[in-house]
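What Swiss-Prot records for this protein:
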BINDING   GLY112, THR113, HIS114, GLY115, LYS116, THR117, THR118  ATP binding site
Amino acid sequence: MKHIVKNIHFVGIGGAGMSGIAEVLLNLGYRVTGSDLGQSAATQRLTALGATVMQGHAPEHVVGANAVVVSTAVRGDNPEVLAARAKRIPIVPRAVMLAELMRLKQGIAIAGTHGKTTTTSLVASVLAEGGLDPTFVIGGRLNSAGANARLGTGDFIVAEADESDASFLNLFPVIEVITNIDADHMDTYGHDFARLKQAFIEFTHRLPFYGIAVLCVDDPNVREILPFVSKPVVRYGFAEDAQVRAVNARAVDGRMEFTVIRQLNGHAEPPLSITLNLPGMHNVQNALAAIAIATELEVPDEAIVKALAEFNGVGRRFQRYGEVPTADGQGRFTLIDDYGHHPVEMAATLAAARGAFPGRRLVLAFQPHRFTRTRDCFEDFIKVLGTVDALLLAEVYAAGEPPIVAADGRALTRALRVAGKIEPVFVEQIEDMPQAILDAAQDNDVVITMGAGSIGQVPGQVVARQAEVRAANVVDLNGGAAA
């Protein structure tokens, strides 16, 4: 491919899925250009690595490109897409470009409605500790690597497989993981859950005869498709019939401790005593997927144990910002940020927080993501949002969707008040959320910002605002001059 295609342009290069692929292509020696509406940490990193990143979208940005990569978030009337069509420059969906990268190595694809990013990160970390030096493309920043992508020298590439637009059906990996199957992105599947499950079955059919499907049998929908998977299967979870099974799991000081029983290839492997540097039973399941793959690839047990104990997490996945002073300066609260935006994953994260911080007041600042999801999961949102001790509710982050009547932040607020479980505070402008958090937070609270939209910028703004207050106080204490 390289002798024909040398210059690759990304429309929306700062996106989580796009930036990782762009970084790997840069490291492979391609010339990469891209455009995005604004600057971000991802675009700054790509620029430092040698990419040319332009702000805004304009037809001239595609001049000289041999291929133009787009995600499903890019509309067909985008001026760069229109210019590429006019010039007969191939327009390549993001998933197709990822599939091309997988052709260069042996692919490990992580699919599922929830937990893809964390599971992908755990798999990459365990394989790296085992000396396999994988390439990875992740939808979040792997803290230990300081990036969401890396070109390794080993045989494997580990990547997320996105079911939201059915693009995971473009991939042909040798190992697949399905963490769970839930009702999300239902517009893609005509609001037919059977079609969504069928897509996951078809995903397993992409495996070669020597491939492996690693399936979480704790999930009832994954268990339901099990009879239709024709390739070799490794079952993992807490269930008694799991081949890679966790027992005696418990939360200890914000981590999870558990024992892993493995029955693979007709014989029992030695039990593993695991300390996972993440909270929550859902993360135990995610770790089991990584353990199953690592065991199949003969990663030494000591490397598995070490990687999970030292795992430093992923950006915006239960990311701890530390202890922040309260507005009155008389106390401190724990600030955590999480990408969760579906009721199921939100419930898992909140349960993990309760386990990690027992007895403490839990304050949630939540920004719903997409009007369609808010509409489709409205009652489930009401249930999960009613489980916290205090709630700050932002307006829906549209992600390009038009508003839907009775599926916005105000509608959720009204429904929560009618339910009577909690008295939410509606924060109409996300710019006001940092101050709303400081007004609400009390000493010893655990405050979680949650959502897939612009709320991800809020924790840093809270920390920065309190740092400015402390700096001003230092000036006052020193008679008007900073020490």
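In case you wondered, yes, glycine gets a Cβ from its N, Cα and C as well.
Look at LYS116 (ATP binding site): DSSP puts it in a helix.
Counting only same-chain residues at least 6 apart in sequence, those with a Cβ under 8 Å from the Cβ of GLY112 (ATP binding site) are THR119, GLU163, VAL177, ILE178, THR179, ASN180, ILE181, CYS216.
The Cβ centroid of GLY112, THR113, HIS114, GLY115, LYS116, THR117, THR118 marks the ATP site; residues of that chain outside this set whose Cβ lies within 8 Å of it are ILE110, THR119, THR179, ASN180, ASN286, GLU345, given in sequence order.
Of the binding-site residues THR113, THR117, THR118, THR118 has the largest number of other Cβ atoms within 10 Å of its own Cβ.
A simple way to gauge crowding: the CB of GLY115 (ATP binding site) has 24 other CB atoms within 10 angstroms, across all the protein chains here. Within the same chain, residues at least six positions away from LYS116 (ATP binding site) with a Cβ under 8 Å of its Cβ are ILE110, GLY139, GLU160, ALA161, ASP162, THR179. Around HIS114 (ATP binding site), the same-chain residues six or more apart in sequence whose CB sits under 8 Å from its CB are THR179, ASN180, ASP182, HIS282, HIS342, VAL344, GLU345, ALA348, listed in sequence order.
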